[in-house]
Amino acid sequence: MGTHARKKASLLLLVLATVALVSSPGWSFAQGTPATFGPIFEEQPIGLLFPEESAEDQVTLACRARASPPATYRWKMNGTDMNLEPGSRHQLMGGNLVIMSPTKTQDAGVYQCLASNPVGTVVSKEAVLRFGFLQEFSKEERDPVKTHEGWGVMLPCNPPAHYPGLSYRWLLNEFPNFIPTDGRHFVSQTTGNLYIARTNASDLGNYSCLATSHMDFSTKSVFSKFAQLNLAAEDPRLFAPSIKARFPPETYALVGQQVTLECFAFGNPVPRIKWRKVDGSLSPQWATAEPTLQIPSVSFEDEGTYECEAENSKGRDTVQGRIIVQAQPEWLKVISDTEADIGSNLRWGCAAAGKPRPMVRWLRNGEPLASQNRVEVLAGDLRFSKLSLEDSGMYQCVAENKHGTIYASAELAVQALAPDFRQNPVRRLIPAARGGEISILCQPRAAPKATILWSKGTEILGNSTRVTVTSDGTLIIRNISRSDEGKYTCFAENFMGKANSTGILSVRDATKITLAPSSADINVGDNLTLQCHASHDPTMDLTFTWTLDDFPIDFDKPGGHYRRASAKETIGDLTILNAHVRHGGKYTCMAQTVVDGTSKEATVLVRGPPGPPGGVVVRDIGDTTVQLSWSRGFDNHSPIAKYTLQARTPPSGKWKQVRTNPVNIEGNAETAQVLGLMPWMDYEFRVSASNILGTGEPSGPSSKIRTKEAVPSVAPSGLSGGGGAPGELIINWTPVSREYQNGDGFGYLLSFRRQGSSSWQTARVPGADAQYFVYGNDSIQPYTPFEVKIRSYNRRGDGPESLTALVYSAEEEPRVAPAKVWAKGSSSSEMNVSWEPVLQDMNGILLGYEIRYWKAGDNEAAADRVRTAGLDTSARVTGLNPNTKYHVTVRAYNRAGTGPASPSADAMTVKPPPRRPPGNISWTFSSSSLSLKWDPVVPLRNESTVTGYKMLYQNDLHPTPTLHLTSKNWIEIPVPEDIGHALVQIRTTGPGGDGIPAEVHIVRNGGTSMMVESAAARPAHPGPAFSCMVILMLAGYQKL
């Protein structure tokens, strides 16, 4: 080849190398130069719902991508490139698309953003721009709705044209008097119609439907014309439920969406709503008695058939429908940025889940990719043969079904590089152990892959019994000796060029274990030490590591069972503390330096309680028995002696041991019969094994089963009753809990008769939750005794009957008023009232008396009331006004109410006590007593007389106060010599009660010295307050 030709070839190689370097992600010619990479979306457009009547004059669809060099943007609408010329209604601001003055006819559609730079192009996910609207209701008057009182009724909403869906409320007569959502009223959020299960007089009026549209940044509401509801008066009749608001036979939903099923029925009494899942169990968190069943975030487990049941005492009605759950595409496997050598093969794959199953297609730089030449497209697989530089670019895997489309993006960079050791040279210093083995890596960066040669000094190395060069270029030297020391060089070459890198091999003494661990056999809870000692090259550090069944042991785990020796570098003993069964296995001690290592093994056997049995299977299911079988678990090196069976039910959730046949289950058994179960009950079972070392962990629970149905085996309890309206017999009982119902179609059978009668009447009350029955008959006299019995039933038959209970019909108010009522004021705020008792009559059980009292001149309707707790014939009434005349009446009462009033009596409360405390207090102090004196308190004309004074005394030695009474205006109080502090209160007393106190504080300072402070309590009304303080320093006493 001539000089000119060689220069031309060299230049071509340089150009190729330059192209390859530039095409490589992350490559830069100088430190700090930004890497080149394709667009990566940081913000993609999302769908918008734009109100047609919005005051906003533009819509913005966001798009932003990170790229180097920075990306440029363009947009597609409905798959066609958009004209984004300056001055048009569609403007590009950065990557965002701004639509000016949007209209439905011109701008509704599907939008996509495309981001490009020299590396390639990527396409965003689709964003749909929709336009929402809500028209006004018709201006025509609505026809009145007529029905009979007690019947059910539906008022149609007939909403105007709209998009998207609406929410609904109803007004009664005026805004904002909204119809409540209760068991009797229901507003369908599907149709907007208002349903009333059973009408009554309170429902009369004018009704208007309020429809509200919620859009992305706007809310609008419209009202319908009022429609009048008229009710024809009629004695309400009882009728069975009839479901009027029904959910459809099929409801489709996407995973994660909220699903709402509506169900509402007419009926009298108002029906109870109950939901269940026909082909599975309804999650407890969705269980409800409301007219709507809401699943906030539906999943595939929620798919199935659902039933709504409306039930009252006259019958039941049901409706069924199926929820079908589907899903948008979701990635299971995606592609990632890839660097590949020129001329190599590449396979990319992506996979997506969804329902229906998503279809997968591929894009390259935003354009569809099909099989051609070296590229093969097979659904989720993309395969390249003999990659070339033009295969570099941005690729996208697209998965789509009818519910949505998802995109996964990645950059493919095809490289052509001469060998280069700058990033990964051969290790400069390579220590190795004598007699051991060393692997020296040779990993230059090169594309295509370089050919590797090794040399020691000037000698080229080939494969031999001790030396091997692997296919990836690694040099392996075995059975190392001192003669192997020296320089080793790796030579790498491909069609782009060549390079080499050198390292120096240094040979060291080998590591040896001098005391190996020994195998051992221990019980659970024992401690054990495994010894491990080693020798090593003194110029290097030695470390010990331990593994159990080839997994490293974590010595730093809090509360762990392992400890290791740390006294000497050559000792690596392992101690096992409080051994468990899981600590048995193969222990390996490894002694290592940076150049070599060696290991020894020992087996530790830990005997313990058995492991959990497996595969618990339930078969031969009866009403009270099942047959269990299981497989043996590990005996943990000690024979299994017996098995224990347990069961749990949903009501309790607690595991309980069950009776079995045989009673004692031996260790070689793998089946047993369970006895004494409850019929029609969900059960799970588990099995535990025991040996001489204890009982092991139980098995996992069996699959849940339900025992067969049987007739009820217990009678309802808590049979009682009473109360209600005249002519009624109310019978109450405690509902039978789920575990005693024994079957579906559960209810109650009542038998009752008047006491002394020979014939029984019966009534059937459906529903397990029922807890009362009302029997009405105008011929029933007040407080008539009835004999009552109850039993439960299910679809298998009737259960046992309860004992007979005596229940009384409704009471009526007492018919006789108390006589000889007497009342007299006893203080300024109290009066005493007495009367003659009322004889018990046949209307009911007399509970006590009600006293009504009101001020003279007031209306009796404003009277205050107080009741006695029993049959006392006198009472004290408190909280009265002083010097006030009161009228008083007394009535007898029972559970039905109060009887007629007695003739009224009058009482006058006493004038109030003086509102001034005793004043001008003086005292004389001796070694053991304190004499106090004060000015007499003279009452005013509107105050009661003073008959004496009350003295309250308390000191710090005896915190319980002592009360003293005196008719004089002085008193002598004992004062112990060793007191530190005392408190005295003085107040008036008389017919009007006690007055306001004055206080005296006594503090001893030392010896016979003391400080006395008197303070008059502040009056209740505004007025002056007086206090004075005097210090006594005399050995005897001082008169103030």
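Glycine is no exception: its Cβ is also placed from the backbone N, Cα and C atoms.
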Field: From Asn527, Asn732, the one Swiss-Prot labels N-linked glycosylation site
entry: Asn527
- request: Name the residue range among 463-489, 895-921 that Swiss-Prot annotates as region 'Disordered'.
  value: 895-921
Field: Secondary structure content, the domain 'Fibronectin type-III 4' (917-1008) (per DSSP, counts of residues)
entry: 0 helix, 52 strand, 40 coil
- prompt: What parts of the chain pack near the region 'Disordered' (895-921), using Cβ distances under 8 Å and only residues at least 6 beyond its ends?
  reply: 722-723, 782, 810-819, 821-831, 833, 835, 838, 843-845, 847, 850, 852, 856, 880-889, 932-935, 937-940, 942-944, 946, 949, 969, 986-998, 1000, 1014, 1016-1017, 1019-1021, 1026
Query: Closest of the disulfide-bonded residues to Cys209 (disulfide bond), Cα to Cα, picking from Cys308, Cys350, Cys397?
result: Cys308
Message: Using only C-alpha positions, which one of Cys63, Cys157, Cys350, Cys397 is spatially nearest Cys263 (disulfide bond)? These are the disulfide-bonded residues in the record.
response: Cys157
Message: Need one number: mean pLDDT over the domain 'Fibronectin type-III 3' (817-913).
response: 92
Statement: Here the disulfide-bonded residues are Cys63, Cys113, Cys397, and the Cα closest to that of Cys308 (disulfide bond) is found at Cys397
Query: By CA distance, which of the disulfide-bonded residues (Cys157, Cys350, Cys397) lies nearest to Cys113 (disulfide bond)?
result: Cys397
- request: For Cys157 (disulfide bond) and Cys63 (disulfide bond), determine the Cα separation and express it in whole Å.
  value: 42
- prompt: Helix, strand, coil residue numbers for the domain 'Ig-like C2-type 4' (329-413) per DSSP?
  reply: 3 helix, 54 strand, 28 coil
- request: Check each residue in the chain of Cys63 (disulfide bond) that is at least six apart in sequence and keep those whose C-beta is under 8 Å from its C-beta; list them in sequence order.
  value: Phe41, Glu43, Gln44, Pro45, Tyr73, Trp75, Gly95, Asn96, Leu97, Cys113, Ala115, Ser124
